[in-house]
Amino acid sequence: MIQYKVLIPEISLLILAIISFFYGFISRNYRTTYILSFLSILTAIILSVFNFGQKEFTSELIKIDLYRQTLRILVLFIGVFIIGLSYSDLKLKSSKSVEYVFLLLLSLFGMNLMIVANDLLILYLALETFSLSLYILAGFYRKESLSIEAGMKYFILGTLSSIILLGSIVFFYAQTGSTSYETFKLLKTENLNILLGVVFLISAFAFKLSLAPFHAWAPDVYQGAPTAVTAFLSTAPKVAVFGALINIFLSINLKLNIQDLIVIISALSMLVGNVLALRQNNLKRMLAYSSIAHAGYMFMAFLLPEKELLISLIPYLIVYVFMNLSAFAFIMNIKNGESIQNYLGVGRKNPLLSFCIIVIMFSLTGVPPTAGFIVKFNLFKNLLSYGYGSLVFFALLMSIFSAFYYLRPVFYLYKDSLVIDIYNHPLNNSMALSGALLLIFLGLFPNLLLIF
């Protein structure tokens, strides 16, 4: 039986989302809509913080512990950041802002429910809740062909991944007679149903994580979606899906023979993401391929035992979120900021904004003393201690290779005189600067990250 008090943050978020939707629908005041949505997420964060560190709760449907609490708070912080980015986008300050904000809040509810799910059916319902919202958000600019294409492509391929996930649930149910993760702990021997269930599950989740070879949707969707939505797509679903994948992997006590599959998907994602990013002149497409590569790095953590998995993956997820959100805040400060060529001379015009993108790109590459270096070093060290030297060497080569495309925007900052306008969005400026400073701070004080 569920004790609903452990789900108060999610329940409050859903109720407040509905209230803000009807209020916004009546008033049609975009400013009020964004304020109400911000307060809704803030309320959920406060309630989650009050529950943080409390006794672990487990039922057949829901499980709450320290790392799940951390991830649900992280998702909510992403929501706050996205509300700020969306508020500065003139195209989202319209009569449709009510629907936009409601879909955003609904997707946050689904993601947090997915993180705490302890049952495959709850997981599936949660995934569909946030996926359906994201399909609409990706195509929210209905007058722009790229946005419509992004929404349709994401919807069609996302539906396929949902079908694969249902297949995974069937295999697990056929073996255990239940969809609860708790029954997975009772399994004594590995068999074909369990192995196929895990493989189908990884395949379905690999789509949401944009892992190769399930990555084809990412560049077009990232480019066509509104920039604030792209920032959301590149971060929040990864936190939710990686959280769910951790939950399932830790629930299955069997030693599954899928290490080779994890190695292949990780290596292929790093290779595809880094090599194809080198050809991109559109920064949103470049960050799409970057997210494929980083998903590959993070997926390697599933080769590790429980403790090392958590202390490797959770800090990486936190840093990855701040790197990406800060990068998109920077993009939204430059007129036509998707094109790298438009950064010519920005370094001379706005040194503070240039400092932000330099720190962000260094952190994405993994250059010390940024937090990006700390989490990569921590992951590689743990993998080395368990005998994955060849994979770590390949990942290190890919990290070095990534410098060639991450540093291209930095090169353009000081190449010529300014040829494009810089928007003066105080909110975006402060978010980009806060993210950059946080990446340096966590790089200098890594113990704050490695608390798991």
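The backbone N, Cα and C atoms fix where each Cβ goes, glycine too.
Noted in Swiss-Prot for the protein shown:
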type     : residues : note
TRANSMEM : 6-26     : transmembrane segment
TRANSMEM : 33-53    : transmembrane segment
TRANSMEM : 97-117   : transmembrane segment
TRANSMEM : 120-140  : transmembrane segment
TRANSMEM : 154-174  : transmembrane segment
TRANSMEM : 194-214  : transmembrane segment
TRANSMEM : 232-252  : transmembrane segment
TRANSMEM : 258-278  : transmembrane segment
TRANSMEM : 286-306  : transmembrane segment
TRANSMEM : 355-375  : transmembrane segment
TRANSMEM : 387-407  : transmembrane segment
TRANSMEM : 432-452  : transmembrane segment
Checklist entry - Under an 8 Å Cβ to Cβ limit, what residues of the same chain, 6 or more beyond the ends of the transmembrane segment (286-306), are close to it? => result 209-212, 215, 218-219, 221-223, 230, 234, 238, 242, 245, 249-250, 259, 262-263, 265-270, 272-274, 276-277, 280, 312-313, 316-317, 320, 324, 327-328, 340, 364, 376, 379, 382-383, 386, 388, 391, 395, 398, 402, 405-406
Checklist entry - For the transmembrane segment (355-375), what are the same-chain contacts with Cβ under 8 Å, counting residues 6+ beyond its ends? => result 290, 294, 315-316, 319-320, 322-323, 326-327, 329-330, 343, 399, 402-403, 406-407, 409-410, 413, 432-433, 435-444, 446, 449-450
Item to check | Cβ-based contact of the transmembrane segment (6-26) with the transmembrane segment (120-140), 3 or more pairs under 8 Å | outcome: no
Checklist entry - Counting only residues 6+ away from its ends, which parts of the chain sit with a Cβ under 8 Å from the transmembrane segment (33-53)? => result 6, 8-10, 12-13, 16-17, 19-20, 23-24, 27, 64, 66, 69-70, 72-73, 76-77, 79-80, 83, 86-87, 97-98, 101, 104-105, 108, 112
Checklist entry - With pairs 6 or more apart in sequence, are the transmembrane segment (194-214) and the transmembrane segment (258-278) linked by at least 3 Cβ pairs under 8 Å? => result yes
